[in-house]
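Asker: Just passing along the structure, written as structure tokens.
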């Protein structure tokens, strides 16, 4: 009898548990690894969305040194980009003209800004006045020739192709019609930024700068319309090395501008076709360098290498006012071939960071007391290109 009662009691307890008399066990909390895997899966699903189902957006592109606005969406889109190749005569420097081959009428071509996972649809037109076919090789594209074959376009024709921006970074695009070096040397290059899905940190000012080397028949400064010199190009002996296609393109009245206390980001490219750039801003230290436009970040950098056909992103805070000179620190290129730019910064002086000259006394020899102050001797006259540098 006792055994029957015990069995009945156990059975009733199991019945109560089955009917919810006991609280249900909670599912284990999601681990960070599981959350990351779920996020990755969601991103992969978005990346695999057929391009025909994506929202369509017309790209906002900009001429240098302006930069398109940051991406403010959290989903992929089909981004339509229109490009036109134009061959035109423009000023290389005062009194010197050159027949440039361009994307959209200037050197560099327009800057393009898209988001990782976007499908980029390119409508590529070659102006009827062009003398040769042109195309575009996007270093941001994965696939045959970066789109060069798909965009090979005769004068007066338009071609269309698309690619998916699979990997974030800052990439060069350039013409790749033979002779490739000649097309690039005449100015056919630009930058496309593929923002990571999470975006880039906010900064106060952004600028677009591309270095290039030019090969004219005449020496630097020789007046008139200067033709391209293939022999100099093959020998890698440029007469001009410049930022944004022209001597003084970002100097003097065209200088970049910022205010003390602002953080500046520069998207720096090197169209080449031959030279590697040693990019430096005199009087500044780069807080961050996105090495070769990729994911790796170096900090506290004085100068950074920008390879031909490559790029870098540099960021720095301008603490005090002044005129900061941008150079290729292969320094004869700066002072003798044109690779000079300016960032003019306004604001209040801060002597805690740097003072003006505090004294000027006559040299008295090692260990001797300073001699009486005397008027400073006149310095040798600076060349026109050096007057605003230091």
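Cβ atoms here come from the backbone N, Cα and C positions, even for glycine.
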Asker: Choose the correct range: of 30-51, 52-73, which one does Swiss-Prot annotate as region 'Disordered'? Give that range.
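Answerer: Comparing 30-51, 52-73 with Swiss-Prot, region 'Disordered' matches 30-51.
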Asker: According to Swiss-Prot, 174, 329 bind Cu cation 2; which one of 139, 246 is listed for that same site?
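Answerer: That Cu cation 2 site, as Swiss-Prot gives it, pairs 174, 329 with 139.
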Asker: Using a 10 Å cut-off between Cα atoms, which of these binding-site residues sit near residue 329 (Cu cation 2 binding site): 134, 188, 280?
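Answerer: If one measures from the Cα of residue 329 (Cu cation 2 binding site), the binding-site residues that come within 10 Å are 280.
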Asker: Just name the most isolated of the binding-site residues 175, 188, going by other Cβ atoms within 10 Å of its Cβ.
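Answerer: Selected from the binding-site residues 175, 188 on minimum Cβ neighbours within 10 Å: 175.
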Asker: Counting only residues 6+ apart in the same chain, whose Cβ is under 8 Å from the Cβ of residue 139 (substrate binding site)?
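Answerer: Those within reach of residue 139 (substrate binding site), by Cβ under 8 Å and sequence separation of 6 or more, are 146, 171, 172, 173, 192, 309.
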Asker: Taking the centroid of the Cβ atoms of 134, 175, 183, 188 (Cu cation 1 site), which other same-chain residues have Cβ within 8 Å of it?
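Answerer: These residues sit around the Cu cation 1 site: 85, 101, 103, 135, 136, 174, 176, 177, 184, 186.
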Asker: When DSSP states are grouped into helix, strand and coil, how many residues of the domain 'Plastocyanin-like 2' (245-346) land in each?
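Answerer: Split into helix, strand and coil, the domain 'Plastocyanin-like 2' (245-346) gives 12 helix, 56 strand, 34 coil.
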